[in-house]
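Colleague: Got a structure here, written out as C-alpha cells. Questions coming.
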C-alpha cells in the first residue's frame, strides 16, 4: 500500500501537465565520485571568490583534525567507501544489458510530472520560511521542508539530489560538519547547486523559485581575523538560518491569568464575591449614609464585607501560586524526559551528542530502536525500515532507499515511484537496519516539529485526580444541600421578625446578606478544592524526588498506579545483572579455556590463544568484528560502544585474539549485507565477500539454537560432520556454562558461491533478512563462549522486599532455561514455582495459561511477543502489572502493561517512548523505589482526604447548628474566619501532608486492589471519631462555656475560633498515619516541609488573633485564654489514640447501622442538587459543540498524525 503522503504527491502531480521526455546527464559512478563530479559540474562557471569557501571546507575535512569531547570512534562513515560500494552491488537492480547506458555516462530519464516549477513554491502562509536574512547557504528552510511535507521526489531533484543538498548545506556526507565551524565565510548560491536541474528546465531556470534572500549590513566591525562579533559561537550561521533542534517553550500563563482561572472556575467564589460586594455596599451605607446620633458609635459593618473580598483575593492568589509552581515543576520534568543522545559524524569521527545539538547538515547514525530526531535524506546503509505512523499516520512500514539508488533507478526508467523513498522523517522510529542520513530540517522547521507545535495540549488528569474530582463533587452536593437548607431556615426566621421590627430597610437587607454570606461560605469551606491540589503536589514532589533516585516519570498516572502494582515482570540483563559482560570461558572446536574458575590456572585464555591457528583466529575475529553494530570509541573498558554482549566479544577479540583495530577490520573486509538481530531466532548475521569471490554468511546468537542449525564442526585440520556424539558434547558444554549463570553465545558460518543466494537474485535486502530461517541450515559450528554478567548489588534484597510487599517478581529473559533458572535462583525470584520457555508458553490455551500463571516465576527463551502475551493475561486476571523492556520489540509489552519501565542506558528510543517510567540506572532496585513512591503518593492523598473531610463535617455542623440556634442568626464562626480555615485546609495542610517521604514500613502491607474505595474503613473511623470530638468540644465551649468561663461574648467567640484552628493544626499529626499504629511522630524530624509549614500556620494564627480583631470580628486573648484554646485542642491527639484502639470490625457494625438513614437522605438531595447545578451551567452544551466543531475543522485537514494517550479506566462509583 502506498503511503498517504506519496499518494497525495501523486495526486498533486497528476493534475499538472505532463512533461516531455528529457535526457539528463547523471554520472553512474559510486556516490563519492558522483558527488565530486557533480560539484565539479556545478561549479565550472563559478568565480574563484565564490568557490573559495567550499574548497576551504573540503580541505578542512581532509585534514581531519583531532578533537576533544565525547568522541566515540575514530572511523569515518561506516557505510561509505568499500562497504557502500559492496552494498550498492547488492541493492542496484541488474542492468538490462552489459553495455547499457555507456554513452557518455548519460541515459534517457523520463521525468513525466515529477519536475514542475511548483516543486519549491511556498505554500500559502509559509512565505516566512522562504525569506532568509543574509543566507550563506543555497537553500531556505522552507525549500528543504518541501521535500517532506509531503514527500516529494520533485523537490528532492529540484534541490539537486543528495550532491546538491551536500553542497548547498556546506557539509560532507562522509565526514559530516566541521567541529570548528563558527561563522561561515562567503556563500553558496542556489544556482550553483541546482545547475543540474536548470539543464532540465532551460538555461535560465526562470520558473524555479529561489530563496528570498534579504541582505543586511553588519554594523559590528570585524576583528583581526575578519570575522564579526559572533565568530566564537559554534555553528552560528547554521543556527541563524536553520534554527536549532529545540522547540520554543510553550508560552507560560501569566500569574494574573492563573489568578483569573483559579477564580473563574469556582462559581461559588463568584457568588460569594457578589454577596460580599453587596454587603460592603450596605455596610458603607450604614456607616456613612445614616445618621447614628451624636453618642452612637459608628458602624463598622463594611469591614466584614471588605475582609471577605480580601480573603477571596488571598484564596485566589494562593491557588494561582500553587498552579504556577506546578507548571514550572512539570516543565522541568518534561524537558528532562525529552533529553536524549544521538550518534553523529563530525570532522570524520563519531560522537555522542545531545539531541538538542543536532544541526542541519549533520550526518546522523540510525540503528534499530532509534527515534528520528530531525528530517533528512538517507545517505547509505542496510535494510532500513521505519515506522512513520506517529509522524504521517501511515501504518505501513516504510522501506528506505538511499539517495543515490533513487537517482540511479529513476535514470533507468523506474516508474513505480512509490517505492523510491529516501526521506527520513522526524518522529518516526527505526524498526530494522542501520545507516546514516543527512539532516535537512531541525526543530520548528522539521515536519514533526511543526506537528508538535500545532498540537500542544494541556496535561490530562490522572485516574486518581478524576476519582478525587468525583468525590469532591459528591461532597459539594451534600454541602450545597446543607447550605440551601440553612438559607431557607434562617430566611424564614428573618422574615418572621420583620412585622413590628424597628430595623431600617438597609439593616434588614444587611441581615439578609449576612445570612446569604454564611450560607455560601459553608459551601466554600465544604467543597474540597484542595483535593486536586493535593494529588498535584504529591505527584510533583514524588516525581522530583524520584528523578534524584534514577526514576524519570514520563506519564504521571504511572506514579500512582505503581503504588498498587501486584506483579513485576523484569528483564535479566542490565536490570537484575550489572550488564558488565566479559568473556570468561569458551570452547572453539574441541579446544577450550576457562578464566572463571581458579582451579583452571593452566587453561587460561592466553595459553588458549597460542594454541589457535592463524586461520582460526582470523575466522573468530571476523565473526565478532564484522557481524556487529558496536563501534570503536576513545574510552571505556575495551574502547567499544554498543551492545554489552557485542562489546564483550570485541574485547575478547582485542585482548585475547590480537585484533588490532575494529575500523581496520571492517575496512579490509568487503561487507555485503547486514542481517539485523532476529528476536524470534535469537541471532544476527553479516555477509562478506571473500578474496576467492565466494560469500560467507557469519551468524552469532543463542548457542543451543544455532547448534540445531549446524551440520559440521570447524576444526584446525578442517571441517568434520556434526554427528550425534559431537552435538551432545557441545550441548553438554552449553548446559554447563548456563548452570554457572553464564550467557552463552554461539558462532556459526556458511559459504555461498553467490549473493544473493541462488533463487533470491531479484529479492531485496529486506526479503533476504526476513527469510533468514531459510538460510540457517547446514551451518558450520565454530564454537561457543560463556559471558559473565554478575548480579547487581542489592538485587536479592530488593526482590525480597517486593515479595514482602505482596508484589510477585517474575523474570522474563531471552537466555536459555538453565541460565535463567540459575540467575533467578541467585536473585531469589525462583523458589518452588514454574520455569517455562517462551515457545512452550505461547502454545498454552487461555485456560491452561490462567492456571499456570500464579506459579510462573521464570520465562526463558522468550520473545517480545511472549512478554506481551504474559502481560496481557496477567492483567486479565486482575493484576496491576509492571514490566521492564529495553528493545524496540518490547514496545507492545510496555504499552500493554499498567506501568512500563524502560532502560535509560541500554534502552532504545522506541522503548523509552513506549514506557511510562525510565530507569536511569537500569537497576531493579530502582523499581522498588518507584513502588515505594507510588504508595507514598496514594498515602499522601488519603492523608489529606482524611484531614479535610474531618474539617468539612465539623465546620458544616458547627456553622449550621450555631446559626440556627443564635437569636441573631449568626454562626459562631464568621464568614472571614471560615475562609481562613478554608485557606488553611486547601493549601497549607495539603502541602504539609503531601511531603512525607516513603519509609520501609510502607512495604509492610499488600497492594491495594483496583476495586478498593479511596476512603478505607480505618480512615472513616478516624474521620468520624475526630469530627465527633471537635463538634462536642466546640459546642461545649459555645453553649456551656459562659457558665464556667467568666469571659464576655466577644472573647468566648475568639477562644472558640482559636481553639478550632488549633484543633486542625494538631489533627494534622493524627493524619500522618492511615493505619491503627499509635506512633504519629515517626520520621517527623526528617520532614522539614511539614515542620516549616506548621510553623507558618502557627505564626499566621498568632498574628490573626493579636492584630486581626476588626477583620476577623475577634479580640486579643491573654495567656489563660490561649492556654484554654491550645489545651483543649491538643486533646485531639490522645483521643486519636483511643480511636485507633477501637476495633475496625466494631466500627463497621456501627457505621452500617447509622449510615443507612444517611444514604436514604443523601440520594434525593444529590439528585436535586444535580438538577440545580445543571441549570446553572447553560453554556456547557455550547462549549462542547464548539470543541467538537474545532476538532472537526482540524481533522478535516487530514488524519491527526499524533496519537495521544488518554487516561483510561472506569472511575469508581459510589466513593462515599
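Backbone N, Cα and C define each Cβ position, glycine as well.
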Colleague: Which one of 239-259, 302-322, 323-343 shows up in TrEMBL as transmembrane segment?
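Modeller: It is 302-322 that TrEMBL describes as transmembrane segment.
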Colleague: Out of 879-901, 902-924, 971-993, which range is noted as transmembrane segment by TrEMBL?
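Modeller: So the range that TrEMBL calls transmembrane segment is 971-993.
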Colleague: Please identify the range among 828-848, 849-869, 1122-1142 that TrEMBL labels transmembrane segment.
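Modeller: When 828-848, 849-869, 1122-1142 are checked in TrEMBL, transmembrane segment belongs to 1122-1142.
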Colleague: Of the ranges 203-222, 263-282, 363-382, which one does TrEMBL list as transmembrane segment?
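Modeller: Residues 263-282 are the ones TrEMBL records as transmembrane segment.
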Colleague: Is the number of Cβ-Cβ pairs under 8 Å between the transmembrane segment (1122-1142) and the transmembrane segment (944-965) three or more, considering only pairs separated by 6 or more positions?
Modeller: no
Colleague: For the domain 'P-type ATPase A' (338-454), provide the mean pLDDT of the predicted model.
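Modeller: Here the predicted model's pLDDT, averaged over the domain 'P-type ATPase A' (338-454), is 84.
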Colleague: Quickly jot the same-chain residues contacting the transmembrane segment (944-965) by Cβ under 8 Å, restricted to those at least six beyond its ends, or write none.
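Modeller: That would be 468, 471, 475, 479, 482, 485-486, 489-490, 515, 518, 521-522, 525-526, 528, 530-531, 534, 971-973, 978, 981, 985-986, 989-990, 993-994, 1014-1015, 1019, 1022-1024, 1026-1027, 1030-1031, 1034-1035, 1038, 1060, 1063-1064, 1067-1068, 1071, 1074.
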Colleague: Sort out the residues at least 6 away from either end of the transmembrane segment (1014-1040), same chain, that have Cβ-Cβ distances under 8 Å to it, and list them.
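Modeller: Apart from its flanks, the transmembrane segment (1014-1040) reaches 464, 467-468, 471, 941-942, 945-946, 949-950, 953-954, 957-958, 961-962, 972, 1052, 1055-1056, 1059-1060, 1063, 1067, 1070-1071, 1074-1076, 1128-1129, 1131-1132, 1135-1136, 1138-1140, 1142, 1144, 1147-1148, 1151, 1212, 1215-1216.
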